[in-house]
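Enquirer: If you look up TrEMBL, you'll see 1-108, 133-269 marked as domain 'EXPERA'. Per TrEMBL, the feature transmembrane segment maps to 36-57, 64-84, 90-112, 133-153, 182-204, 216-233, 253-274.
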Amino acid sequence: MALGIALQIDGYISNFIGFYFAEGEPYLNTAHGTVINYWDGTVHFFLYLAMIVLFCNRLSYREVGLYWAGSLLNSMVVLLLGAVTGNHPIKLSIFVNTPYLLLPIITSVKLLHERPPQARSFLQFPNIFKRPVDFLFLLYFGAALCISIYRALAAMGGNYSSMKLYVKDYDPYLRDPTNFPFIQVSSYAYFFVTYYLFAIYGLLCPGQHWMADWSLIHAGAAAQGQMTYILGARHHHTNWAFRFDTSGPEASIFYGINLTLLLVPQLFAIWCLCDVEKFGRSNTVYKMQVEENGLMPLENSDAKKKL
């Protein structure tokens, strides 16, 4: 359904549920609304399928579930707050989205509570300066923290000339009256910055086993938020006055900032999953028994009771 909504908004199909845009959720008929429906109809759809396949095959679906929860939660927070504060009339149908806001929260709490048990690591890790990859990620989180606060202040109407110049020439999408871009950068300042601080702590003091799980939630939220932001800024439903230039230094800075905020969280999540001693184990581990032919999962054997 979400993909159908996006295709109708872009004019690829017709007579789908056009009445719903006017009577139900008019804020969907925007650049941001179009892009989130494309995301929901493709990325979220494949994440649902992946979780079903993994669950049916008794494989760990926690990683996919946490990534999906972060993506959907960011999508709903920005959509609902933007719908309430933007230039579209508020209708009772907005409450249709309530389950989509609660579901990722409940799922995240459940999956985080069921984190696979792991003995505390007593390994002595080298200093951060002797771990070059960790040090690079540390620099990224420090820079991302500063950029997130700066962009939020600029979007709020900061009086510094550099902030006014940034909004005017480098990121005019922040002035879009739908308010979705403003809510997205505000969520970075309020929520993402908190994660950045904890991630910096986890890198400076390795052995924090919650890092892997939260890196997946953050990666999902960053992917959804940044893809929506970048594509929304160039969508034909965005007024030309709020689109950024596609050439010159302005475009380079816009893409440089937003693509970095998109890609590095994905790399950091992979990095965390590859080092369970420093960042924790995220995948579900089934009880195993040793046999001559190798390891195989226990079912209803007596050995399972002994374990």
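Along the chain as shown, residues are numbered 1 onward.
Cβ atoms are placed via backbone N, Cα and C, with glycine included.
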Enquirer: Six or more residues out from either end of the transmembrane segment (64-84), which same-chain residues have a Cβ under 8 Å from its Cβ atoms?
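Expert: Tertiary neighbours of the transmembrane segment (64-84) are 25, 27, 32-33, 36, 39-40, 43-44, 47-48, 50-51, 54, 90, 94, 97, 100-101, 103-105, 107-108, 111-112, 178-180, 182-184, 187, 191, 213, 216-225, 228, 269, 282.
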Enquirer: For the transmembrane segment (182-204), give me same-chain residues lying six or more residues beyond its boundaries with a C-beta closer than 8 angstroms to one of its C-beta atoms, as numbers and ranges.
Expert: 74, 77-78, 81-82, 85, 128, 134, 137-138, 141-142, 144-145, 148-149, 151-153, 155-156, 174, 176, 210-211, 214-215, 218, 221-222, 225, 228-229, 261, 268, 279
Enquirer: Would you kindly check 36-57, 90-112, 133-153, 253-274 and say which stretch has the most C-beta pairs under 8 angstroms to the transmembrane segment (216-233)?
Expert: 253-274
Enquirer: Which residues, given as numbers and ranges, are at least 6 beyond the ends of the transmembrane segment (133-153) yet have a Cβ under 8 Å from it?
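Expert: Beyond its ends, the transmembrane segment (133-153) has Cβ neighbours at 163, 166, 171, 174, 185-186, 188-189, 192-193, 196-197, 199-200, 203-204, 206, 257, 260-261, 264, 268, 271.
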Enquirer: Would you mind listing the long-range same-chain contacts of the transmembrane segment (253-274), meaning Cβ under 8 Å and 6+ residues beyond its ends?
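Expert: Hits for the transmembrane segment (253-274): 63, 67, 133, 137, 140, 144, 147, 170-171, 188, 199, 211-212, 215-216, 218-219, 222-223, 226-227, 229-230, 233, 244, 280, 282-283.
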Enquirer: Averaged across the domain 'EXPERA' (1-108), what pLDDT does the model get? Just tell me the whole number, please.
Expert: 89
